[in-house]
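Visitor: Below is one structure. I have some questions about it.
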Number of protein chains: 2
Amino acid sequence: MGVNSNRAEDFSSQDTTLRITTESVMPGMEIHKVCLPPKKTTLQKLKQRLGEIFFPDDPLHRFKNRTWCKKLLLGLQFLFPIFQWGPEYSLKLLRSDTISGLTIASLAIPQGISYAKLANLPPIVGLYSSFVPPLIYSILGSSRHLGVGPVSIASLVMGSMLSETVSPHDEPILYLKLAFTATFFAGLFQASLGFLRLGFVIDFLSKATLVGFMAGAAVIVSLQQLKGLLGIVHFTTKMQFIPVISSVFKHRDEWSWQTIVVGFSFLVFLLTSRHISMKRPKLFWVSAAAPLTSVILSTLLVFCLKLKSHKISVIGYLPKGLNPPSANMLSFSGPDLALAIKTGIVTGILSLTEGIAVGRTFAALKNYQVDGNKEMMAIGLMNMAGSCSSCYVTTGSFSRSAVNYNAGAQTAVSNIIMSTAVLVTLLFLMPLFYYTPNVILGAIIITAVIGLIDYQAAYRLWKVDKLDFLACACSFFGVLFISVPLGLGIAVVVSVFKILLHVTRPNTLIMGNIRGTNTYQCLGRYKEASRVPSFLILAIESPIYFANSTYLQERILRWIREEEDWIKANNEGTLKCVILDMTAVTAIDTSGIDLVRELRKMLEKRSFQLVLANPVGSVMEKLHQSKTLDSFGLNGIYLTVGEAVADISALWKSQP
Amino acid sequence: MGVNSNRAEDFSSQDTTLRITTESVMPGMEIHKVCLPPKKTTLQKLKQRLGEIFFPDDPLHRFKNRTWCKKLLLGLQFLFPIFQWGPEYSLKLLRSDTISGLTIASLAIPQGISYAKLANLPPIVGLYSSFVPPLIYSILGSSRHLGVGPVSIASLVMGSMLSETVSPHDEPILYLKLAFTATFFAGLFQASLGFLRLGFVIDFLSKATLVGFMAGAAVIVSLQQLKGLLGIVHFTTKMQFIPVISSVFKHRDEWSWQTIVVGFSFLVFLLTSRHISMKRPKLFWVSAAAPLTSVILSTLLVFCLKLKSHKISVIGYLPKGLNPPSANMLSFSGPDLALAIKTGIVTGILSLTEGIAVGRTFAALKNYQVDGNKEMMAIGLMNMAGSCSSCYVTTGSFSRSAVNYNAGAQTAVSNIIMSTAVLVTLLFLMPLFYYTPNVILGAIIITAVIGLIDYQAAYRLWKVDKLDFLACACSFFGVLFISVPLGLGIAVVVSVFKILLHVTRPNTLIMGNIRGTNTYQCLGRYKEASRVPSFLILAIESPIYFANSTYLQERILRWIREEEDWIKANNEGTLKCVILDMTAVTAIDTSGIDLVRELRKMLEKRSFQLVLANPVGSVMEKLHQSKTLDSFGLNGIYLTVGEAVADISALWKSQP
């Protein structure tokens, strides 16, 4: 400690001359000075930090060093990806897109009608929602394979949240108004997340949470379809497991065997076709065409056998014509505004998560990038426009996108083709659905959601990460027994709690030297690692924060106590120096700084030396700003554990 | 990749033979295998994890390898620390303890009366609270210097939370009942935290938060004392800045100059004595004796000059006698139970935080340990007992403990002496307080709380950690303008958000080789570090979780893009290998595993090799369990960056 007179200057100056000790343990080992990171003002740091938070992908890097004209073109392409692929569009691409577009249309029409029923909306709204949003997405969206339309999860959540307050049967107009208003808020929320570059919010719904959530939702949705499949008339509007199950058995007298026979035959047909397509992806068209085939067959069946009179309920009259405008139905006041906003945010987040995940999955398969924040804006704007044209929440659907991809879609034109097919249906084919039995919609929904129960993924979670499995189980049971938003909320809290737990109780490891190297590794893990006499080398595996500084102090003191006990038991030399390997201490706050000071004082009183090895830039900076560095001096901070051991041993030898 | 046929076996077997390549870049460099941590069952892991969470200090280590008799004695000492120091107690220690006990009694009596008024309770309750709890603490507590009694913060919070619902003037009995019930719940909560070893909960009130909170509370308390100091009769019961200030000026006609003159003279006297003691710690008795002196002087003044008729309000009649039992006043039903529980938890947490912090501070000065969880049980039991004997929330007070320490207290006997002095006061001296003016209590409170405004600490926070300062400012302004529990809540959320932000947007650094060593360090920070051609070496400074896996993927791809641009601009060789230094990746979840797999696939498509260096034990384990290790094979995971560079370069040379 004698050479530390100008230590403050030593640390703040940025020169990088080496400090070489003559009597090192490792002959010829150079001792390097630990540098502070380059000096930055608070403003510069804030700018860099905000840049990392909001622009980690550096979205404007393509604009650098370009002419104005080029910049304009790039900007246009940035905002409307259609300008990117549009000029290179060819007849060959159109052929692929037409085939895939027609294929997904055959899936989209029955799905649209079914999902609208799931949301307690008139079936026609499902078709409207398969017309306008895909058109808008094809201009704004950056994914080439996303099949856009209503999806089961968002439909279910919207239906369950709205019908808790407003009955869709008693007040259908108010319910419709609320649905459109919620869709508007969903779109606004999604577009704002994208515009404000807050896309990382959806990352907090981890995959583990989603696996549980989707499975729970699929179970609930499937059970609810028992209403249609069994032909029950009086059914609960609640979404929890227990009321639904009890409702099924309470109304046993309403079960209709004709409905059951028709329903379960088509369910078996649909599930078989799904199974075939899953076994052989080349036969994707089997499951893609099955829903429409079922609709046609069952409609013909009901029509020919006059089963309508035999207690099989049918869709009934559907109005012909294009989407009517619905901007006048949005209401931004009144007692239900809070409900609309809440429903909008929850469905918005869920549909966004699905859309982004699906887009990324297929982009990765074809090796192109999907910009999350841009996609959010596209999906958000499409929902805002949808809410003004009688559509409810839409997003990229997994089943539709998979069919689209397998059918060979090349660009977003396949969405335009699908829209056109829906347009034709809306204009001319609506009367054909009059005799379509409701039971078939239930079968289609069950087939669609059954794939969401990914028990293999849950098993993988259990095997790899028990806490992830816990989050998964929480969201599954939360959705099943409590409610959708609460179930999701609990799962997010569990996930965040996991992060906090890791910080609150970080690992500390006792390290040893790997023979013949300067590498230090965990003693318990590496048999080649051996203790260095007189040293206790501890690695702290977490940032040091207020939440763990008390724990770390206790834990480090316990390590020292145990080391002393071990030394006593083994008759080794005395402990003289404690080295903290700070490589994994990636951040520190003022409580952490206090811990370091306190620990140093406590160890000094017991005449141990405390040494820090390899503090990272930000930690070094804070140690400097709080003047803690000064108290450590030159023999207190080293670049590596190896250098610390070498230098301090040499010092001890020279001063016996 | 040709040698990886039996790689799965290679990683799962625990043998530690070295793998040596002949043609290394660094001559003679050994390449070490990365080991998995020793195998453990889920149960063993759970046991270890729970041990770290609940018993980090290994509280039973003293009981190991002892006889039954010794274990019993140790257990008794563990539960009642009085058995630890009791047998060695001597007359010399008693002398010190008597002096310090009498000194703090002279402080405790006026403080007790004042703080009870702060909590809107009868002054006598403050004295009761300085009698029973210190006795109980002296048996159970492990701190030797803690001066126990009512404290300003907890009194203020209890007063403000209870009087929002129940008026202490209109319903004094109900108010008193609520106060005792809240005290009971505070004690129950504190004792449970200790018993369940959940002491780390109070760590979430970081020092930064507390600095802001205390300053805010001190400002509010001081402003409230203007009621007494100015002689205002009609004053708001609200605790926010704006109503208090407006109340002061609205009732300007009630200001009484006699009160103002007496009040401010004594305030100046008290502040001066406080200043003297702070400048010269040896004169601690000046500030310790000042409150009692002021009380005596002002009482004499009022009595002799008959100032009572001159609009100076006095305390009035106080009943003589010991604490009456109050167990019958605890009510565990009724509409106000929720309020009592909430108040109990908030005051419980706050008083616990103060008590533990004060205990630790003085223990550190005298180099002994205070067991946090045991202290919590002691404080909790003392409050539960207190609630049954007409006491309200008490804890270790900072001002009292400082005086105790400076007066030379050696053991908890000083608390017993203080209790005895309070007992004498309660039995014989109560009528003497009849003429004590209320204004003097206001002056005592202001003098006590003014020290809580630690602007220097706030400045240090600003200098060292801007986000800590933000948490501090949030709790300051939250307490001042919103309310005590909400202000604290906001500050805790800000603190937790800070942890999450660090995880959500972790640092990634580009590393270079420090010339002549095997050490790799940040290129931006170390000028000696230089790029290794054909390699991109990235250090990830955070666990990889669902909350950051998307960000990290984007960021790593951006680093690669920028590296390629740099290479193109500088005409260097092509990039062939990306090394991720995983030293600071202290944990990984299933989303993180997916990131690693995905990244590997993406880079493979662009014919880059992805290599992991030094994954920690738990990460290695999860990579193994998820079978990700297999896809990496032997040339995919290295112990250090240096070995990775050496081995892969050698491989390239041998396979040109």
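Every residue gets a Cβ built from N, Cα and C, even glycine.
Pulled from TrEMBL, these are the listed features:
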type: TRANSMEM; residues: B:174-196; note: transmembrane segment
type: TRANSMEM; residues: B:208-235; note: transmembrane segment
type: TRANSMEM; residues: B:255-271; note: transmembrane segment
type: TRANSMEM; residues: B:283-303; note: transmembrane segment
type: TRANSMEM; residues: B:416-434; note: transmembrane segment
type: TRANSMEM; residues: B:440-457; note: transmembrane segment
type: TRANSMEM; residues: B:469-497; note: transmembrane segment
type: DOMAIN; residues: B:525-648; note: domain 'STAS'
Visitor: Please work out which recorded stretch in B:208-235, B:255-271, B:283-303, B:416-434, B:469-497 has the most C-beta pairs separated by under 8 angstroms from the transmembrane segment (B:440-457)?
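Guide: Per the Cβ count, the answer is B:208-235.
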Visitor: Okay, the transmembrane segment (B:174-196) and the transmembrane segment (B:469-497): do they have at least three CB pairs under 8 Å, pairs separated by 6 or more?
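Guide: These two stretches do not touch.
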Visitor: So if I exclude everything within five residues of the ends of the transmembrane segment (B:255-271), which remaining residues of that chain have a CB under 8 angstroms from its CBs? That is, six or more out.
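Guide: Hits for the transmembrane segment (B:255-271): 228-232, 287, 290-291, 294, 297-298, 301, 307, 310-313, 437, 439-440, 442-444, 446-447, 450.
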Visitor: Pull the DSSP breakdown for the domain 'STAS' (B:525-648) and write it out as helix, strand, coil residue counts.
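Guide: Counting residues by DSSP class gives 60 helix, 22 strand, 42 coil.
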Visitor: Looking only at the domain 'STAS' (B:525-648), what is the model's average confidence as pLDDT?
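Guide: Averaging the confidence scores along the domain 'STAS' (B:525-648) gives 89.
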Visitor: Is the transmembrane segment (B:416-434) packed against any residues at least 6 beyond its ends, judged by a Cβ distance under 8 Å, and which are they?
Guide: 97-98, 100-102, 104-106, 108-109, 112-113, 123-124, 127-128, 130-132, 134-135, 138, 147, 295, 299, 314-323
Visitor: Hey, which bits of the same chain come close to the transmembrane segment (B:283-303), Cβ under 8 Å, at least six residues off its ends?
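Guide: Residues 103-104, 106-107, 109-111, 262, 266, 269-270, 273-274, 276-277, 312, 314, 402-403, 406-407, 432-433, 435-437, 439-440, 443-444, 447 contact the transmembrane segment (B:283-303) from elsewhere in the chain.
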